[in-house]
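A.B. asks: After the structure tokens below, expect a handful of questions from me.
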Amino acid sequence: MSTVKARLAPVTGHRLFWPLVVLVVLLAANTVYRPSFLSVELKNGQLYGSLIDIVRLSAPLILVALGMSLVIATGGIDLSVGSVAAVSGAIACLYISEQPDQNSLGAVLTALAIAFGIALLLGAWNGILVAGIGIQPIIATLILMVAGRGLAQLITSGQIITINSEPYKTIGVGHLLTLPFAIIIALAVTLLVAVLTRRTALGMIIEAVGGNAEASRLAGIRSRRITLLVYVVSAACAAIAGFMMTANVSSADGNAVGLWVELDAILAVVIGGTSLAGGRFYLSGTIVGALIIQTLTTSVYAMNIDPQTTLLFKAVVVIAVCLIQAPAFRARFRRRQAPTAPPAAPVEKQKEQVPA
Amino acid sequence: MSQRHPVLTMTAISKIFPGVRALDGVDFRLFPGEVHALMGENGAGKSTLIKVLTGVYGTDAGTITLDGQQVSFAGPMQATAAGVSTVYQEVNLCPNLSVAENIFIGREPRRLGAVNWREMRRRAQELLARIDLHIDVTEPLGSYSLAVQQMVAIARAVDVNARVLILDEPTSSLDADEVAQLLRIMRQLRDDGIAIVFVTHFLDQVYGIADRITVLRNGRLVGEYPTAELPQIALVEKMIGKELDALERLDSEAGRDRAAITAGQPLVAADGLGRTGSVAPFSLTIHAGEVVGLAGLLGSGRTEVARLFFGADRADQGRLAVDGEPTAIRNPVAAIGRGVAFCSENRRTEGLVGELSVRENIILAMQATRGWLRPVPRRKQDELVERYIKALSIRPADPDMPVRNLSGGNQQKVLLARWLITEPRLLILDEPTRGIDIGAKTEIQRLVAQLSDGGMAVLFISAELEEVLRLSHKVVVMRDRQLVAQLDNDDTLDADRVMRAIASGARQEELEKA
Ligand SMILES: Nc1ncnc2c1ncn2[C@@H]1O[C@H](COP(=O)(O)OP(=O)(O)OP(=O)(O)O)[C@@H](O)[C@H]1O
Ligand SMILES: [Mg+2]
């Protein structure tokens, strides 16, 4: 018994273990409800199926959550991602809608470049408020969260801009190499962020700043630049997500695009094991977190759960995930089970803060 | 003494961390009215034993009895309630709360249910006066130096009505006077029948106060001895587990030719450098290959001087020249660019990033100068980290261990390693041997001497005069945030004269300057 436990420890103790268990349980529940859930088929050289749908639909959230992971790792938070997504989606759609030929690839690329550039500026604005002026991240980004929504409505003149552009639509619903284009974009951005942080020293430096800002400063880290950079990256990710969301429906609604996505993104990051206090961040965890949230949303629709209870249902699952992951909760649980089993190291860390 | 019943017994205690057996069947007894020194090298398991006792950690095996009753505390609060009061190795109070709040947190004096702030302030002042600490108790704790914070933590622990008082390296950043105060209080408490556990790396303090000594080595119990029956040399041998000859004392390392060193242009020269509210303007030169010791009492401005040289604080008066060229060192980045390194006394808040590994902490400053786009190649990391783990005997020798899991002394070594790999021209060491065991301390002192022989300039701050005198070419004395004397460390300089300079601030000492 105890040897089995010991042998399993590296698996059950892994950060991703519980999030993955939750994901699998959710998928299993769906399969029980609808046995065809897991089937994936190839039609006209394109993959179709509920699983593919879930991944495709979670692409925007994955993007936003990736940027959010970096921001949170520095000990900050970015509430403005939803608004940035709305602004960039609106700008892109507005530009395309004014073109004589909406299907021109050149026009679409120009639209994307303009919108992306403005998103970077918005990210830099956040970064300057936080790093340059020293406003608390939650307040600094709250400003753009509110103002950005207004800006998006101004751009769309309070209307819904509808476009009819095949190239733009592709971003949301197109296919490439049998896979939905959105999935490929999400994969590419994930790889890019992973390389950017883990192949360079950026990831470690972000974690140092988030783990102990003063110590990092005294080690000669230019933490302001790093902070500025993560807000820009976050806005960039949000912009791409905004393109996807608007491309999905070929229209931009300044009011609705990316609404509440910041909350889902924060949840995804936390479920993935990154602490809101800053420090170590886990991109793989974030992605699993985003998938969990999207699976939840999909399940709610698929299982015909009363839409009025949707949010409640989501909350219950999220609480469960957080509880399972909370070291203190697990320690209590384990202690009751096996009083002599050695609790894992982080358990004690949480119990009371008495370092070294 | 042994015919009485122990107030506390720990039997066959084991504690395993992933990959480390921190305690292995350790027994420990504590009698009322004794001061019991718990001794061992860095990482021997002293702090862990204490944390197991007070319920910070659970045990993997073994029993604890307090007054004959088996206990198992769920946390320090419960332990305190049961009469076991502890000052942990790292000051763990709340820096943003006031001093008074910190002392009375969790047991605030109340009137009609509401906190009685006036009473709280009065009692806090009274309590601190007992240890001769006269500070404004309404100021946030974080605004005071580490030593003051340590004193406040001690005052807090002493005040709760405890039968067992545990002090884990309480004197590591205190000066002689405060140490004397503390020892006086400890004697008083002992005479009242309180049992005291005392962890320290200062042997003279142990022999000054302890009745009995328990020695740990590598998580195992070596033995329990009456102090009187264990000569100092034997104690050290029991701690390090080998004969002492490897540890033969350093000679005065500062005996090298000072005239030759100071002949050329100074590496750094401060001219009337100062910062309002922090340090009064001072002038000081440091040459390549020179060790300058900074002496002075707690709060005298030693650390503040160091911070100005490093740009951790910005000077608002005076000039600084590096290699004869006027330079403004506005921030640490600028300082590091000029080859200055600063090893802070406060390793937990200003030094290490606890979550990151030993490797990452060691390369952090080097990486920062390279910028994030040019990561230190893995092979180079391995080589450097391995070299310094060995050179400073950092244990456990696992580069991927989160640094917060290391024992206090080993953390200190990691911080030192971070700056050594940057090969600075001026190395500022603020209490570098704080919490470091005697073996490693001699190692570090030897290293400092070697580095300065190799041409590195060192600004060495320590509360231990003996150490300062042994290493420095020149001793600079601070008092009341002013530089009051610069003394050449020649044959005539001894601890007495430095003490006099510290006490009187005699400016005429400066005249003796060669
Ligand atoms: N939370 C933890 N996780 C993993 N290992 C730990 C943890 N705490 C302590 N250790 C390990 O346990 C051993 C004993 O550490 P401990 O802090 O008790 O040493 P110590 O005797 O107090 O040393 P020092 O004199 O340096 O303070 C060390 O090897 C340390 O690395
Ligand atoms: Mg210790």
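Placed from the backbone N, Cα and C atoms, the Cβ positions cover glycine too.
Automatic, uncurated: that is what TrEMBL annotation is.
Residues annotated as transmembrane segment in TrEMBL: A:16-33, A:54-73, A:104-122, A:128-152, A:173-195, A:226-245, A:257-274, A:281-305, A:311-329.
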A.B. asks: Spell out yes or no: are there three or more C-beta pairs under 8 angstroms between the transmembrane segment (A:281-305) and the transmembrane segment (A:128-152), with each pair 6 or more apart in sequence?
C.D. replies: no
A.B. asks: Do the transmembrane segment (A:16-33) and the transmembrane segment (A:104-122) come close, with at least three CB pairs under 8 A (pairs 6 or more apart in sequence)?
C.D. replies: no
A.B. asks: Under 8 Å between C-beta atoms and at least six residues away from its ends: which parts of the chain pack against the transmembrane segment (A:104-122)?
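C.D. replies: The answer is 80, 84, 87-89, 91-93, 95-96, 144, 148, 165, 167-168, 232, 235-236, 238-240, 242-243.
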A.B. asks: Counting Cβ pairs under 8 Å to the transmembrane segment (A:257-274), which of A:54-73, A:173-195, A:311-329 comes out on top?
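C.D. replies: Top-ranked stretch among A:54-73, A:173-195, A:311-329: A:54-73.
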A.B. asks: Go through the chain and flag residues at least 6 beyond the ends of the transmembrane segment (A:54-73) whose CB is under 8 A from any CB in it; none is fine as an answer.
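C.D. replies: Distant contacts of the transmembrane segment (A:54-73): 81, 85, 137, 180, 182-183, 185-186, 189-190, 193, 197, 206-207, 210, 230-231, 233-238, 240-242, 244-245, 258, 261-262, 264-266, 268-269, 272, 274-276, 278-283, 286-287, 289-291, 293-295, 297-298.
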